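Feature annotations, reproduced from TrEMBL:
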{"type": "DOMAIN", "residues": "329-422", "note": "domain 'Transglutaminase-like'"}
{"type": "ACT_SITE", "residues": "C337", "note": "active site"}
{"type": "ACT_SITE", "residues": "H396", "note": "active site"}
{"type": "ACT_SITE", "residues": "D419", "note": "active site"}
{"type": "BINDING", "residues": "N459, D461, E511, E516", "note": "Ca(2+) binding site"}
Amino acid sequence: MFNVFCKLLKSIMFQFPHSISTHQQCTLTSANLIKGERFIWPIQKQHQTCYNSWLPLAKLAGIKLKNTMSKTTGDPLRAVGVDFLRDDNTHLHHTNEFSHSSLIVRRGQEFQLKVTLSRELQDNDKVTLQLSIGQTPMPSNGTFITLNARAQQDAQPWHANICQTNGKECVIVITSPADAIIGKYLLTVDTGSNIYSPPKNFIYILFNPWCQADSVFMPDDDKRVEYILNDTGYIYVGSVANIRERPWNFGQFEDDILDCCIYLLDKSQLKASAKKDPVIISRVMSALVNSDDDRGILHANWTGHYTGGTAPLAWTGSVPILQQYYRTQKSVLYGQCWVFSGVVTTVMRCLGIPCRSVSNFGSAHDTEENLKVDIYLDEKGRKIDSLTNDSVWNFHVWNEVWMKRLDLPSGFDGWQAIDATPQEISQGIYQCGPSPVKAIKNGEVYLPYDSKFVFAAVNADKIFWRVKNEKSTKDCVKLWEEIKAIGKNISTKAVGKNIREDITTQYKFLEGTHEERKSVETAYSFISKLSSHESISPPNLLKANLKLGVEGKYSLWPGQPVDLNVIVENESVRSWTGCLVASCQLESYTGKVYADLSTIKQIVQTEGKPVIQIPWKITADTYMQKMMSTEDELLIKVNIIAEVQETNEKFTKQITLNFEHPPLKIEMADTAKINQDFTCAFIFKNTLSIPLENCKLYVEGLGIFMMEVFDQGDIEPGKIFKSKIVCAPKKTGLKKIVAKLNSTQLKEITVEKIISILE
Ligand SMILES: [Ca+2]
Ligand SMILES: [Ca+2]
Ligand SMILES: [Ca+2]
């Protein structure tokens, strides 16, 4: 008989999926029935329709259902409407910018709902709010919350009180705890005889940096505005000598972004208790923003070829990436470090965790946790890519998130580094952090998570080796080490200003100080010592004090030859004989060699000459062909080594040459009116001596228009193009338009302009 009942039960669940799934108690009861535990119907919690549909079945199965529905003499009380008071609540919760129809609030802060009832409230009426989250809500783990609005429960972490009644309407104040689970809650109103589900009955609960008891509390209002509410900003790129700002639209309030973040939280399959913890959520997001292991958001690609997807350099912001991912549920092609970082900033700011993108120049990627960058050079001073697993990126971008580290001993609250660029595996998957920035500074690399990796990125010693055989590192000589080369100009956008802020001293003590070395020694004490080739030339008491330099233009117009002078200065009266090698290589921002452009090898005699000049010219053809073979932006690295025969000393000099470009301009008015058309024009003149082929213009204006691509074809020298967008803004306030031009020869010409949208 019981089996028959179960079959019937399944069939009714099939026939009435809506009525059953929307009533949690009903589902719980069906589970109990299947298990054969207790066949008592808790009808006082139930919807009448449910009861009616179950009754014949129960009779058939010989089960007695108990209708304990209160027999009120008057009308049974029903809720007939809920006003989520979106405007009032979202202003108080700093969530009014979200482009979303549901109520979005922050935890640890009260919000109000106005419930309309079928009649006026009487003394013995019950009004209970039910909030549930996730697939299988349960009271035991905090995913099913029952709030009796007619009993004073102020001591409870969650509570609700009716604060005002007016005829059939009552205003209920709800307070959530400062460690509530983050996500999308379903609201129902239970009046004893009836459970009411309002249309659009979701309430999103986010982290709350405005709430002192929340572990993401941030005391300074200017910082909260920057790190939570600012939806545009800059990511710093380039190289130490040429740091550039790349405008980035974070767009955390745009359509589908919040739902995409909630989708990611669901996808993470974290336990309910973990979905309240910013440490765990930021670690999980560092994994989910890359597609590796988990079909996360962005697919990494550094090959220089991006057919079938969008070149990393083409993105102007995170919005199209997250929208595409949410709509297709497929990883988006393609990302490099600044794209990963931009998307992480969007996701974190959206969920309410203060976050910023951080760029490190001369950033080490240590592949074997020895906290050193090992670089292998051939006899001519050229880097051998096949042997060099470690790398120094001209820049690398990660993120910082702000939170208390309740999982660690005290002293590590504040900024934590997380990195979504898939570089090294941590606990089985590509994820990185959160690692306390304070721990990095002091070399306390044992602290979770991945502090060794972050420490190496900002403060590894750089060791140069010369190998005899290009196939093996066995027979190599330590040429020299640089202890000040890694981790420079660590940068983020300043709070409230459109300028770069240098935060290097938060990650490390000043290079050259005793504290800096002490921190490196501390870090070494926590790693297992790897055997490495530690041969270095014995110190010689003689000192040659030569100085190497490079004269010439460090920024280059594409199509122009490289024109440099290598300078050897001898400050002493003695004369020295040096062997000088110099190499010029075309590299990507990650330090990958695209082409060897030129080398010099010669014996230098300083006798009688305080300054020796070695002219060095490289024609444009040498690099242009390679520049055109990749969709990445390249730069030229010059490496000079001089070895003094008399003293065995080695002198080195490294410089970077960047490419310049003509400007892209935006022409538009400073102000426009909401819902009224205005024109925005983009103008570019090719002032170079070479044609620019396959020009594509990417433009985006948050709250004005989505990213658009204009195919401009080839632009001959001296030619001008002009593209226009006519659009009607949907929101008031200051809005930013970002444009970018990429071509086969030249990438990453960007411009931005602010427009004020008025009522
Ligand atoms: Ca992943
Ligand atoms: Ca290493
Ligand atoms: Ca250092």
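Each residue, glycine too, has its Cβ placed from N, Cα and C.
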Hey, which of the recorded positions C337, E511 is the loneliest by Cβ count within 10 Å?
E511
Same chain, not part of N459, D461, E511, E516: whose C-beta falls within 8 angstroms of the C-beta centre of the Ca(2+) site? Give them in sequence order.
I483, K484, I486, G487, K508, F509, R517, S519, V520
Three-state secondary structure, E516 (Ca(2+) binding site) (per DSSP):
helix
If you count other Cβ atoms within 10 Å of each one's Cβ, which of the recorded positions D419, D461, E516 has the most?
D419
Summarise the domain 'Transglutaminase-like' (329-422) as counts of helix, strand and coil residues per DSSP.
15 helix, 40 strand, 39 coil
Closest of the active-site residues to E516 (Ca(2+) binding site), Cα to Cα, picking from C337, H396, D419?
H396
Surrounding CB atoms that lie within 10 Å of the CB of N459 (Ca(2+) binding site), all protein chains:
24
Under a threshold of 6 Å between Cβ and any atom of ligand 3, which of the recorded positions C337, H396, D419, N459, E511 are retained?
N459, E511
Hey, what's the Cβ neighbour count for H396 (active site) at 10 Å?
27
Work through the recorded positions one by one (H396, D419, N459, D461) and name whichever has its CA nearest to the CA of C337 (active site).
H396
According to DSSP, collapsed to three classes, what secondary structure does E511 (Ca(2+) binding site) have?
coil
Distance, D419 (active site) to D461 (Ca(2+) binding site) (CA atoms, angstrom):
21
Rounded to an integer, what is the Cα-Cα distance in Å between N459 (Ca(2+) binding site) and D419 (active site)?
17
Inter-residue C-alpha distance, D419 (active site) and E511 (Ca(2+) binding site) (nearest angstrom):
24
Cα-Cα separation of H396 (active site) and E511 (Ca(2+) binding site), in Å?
19
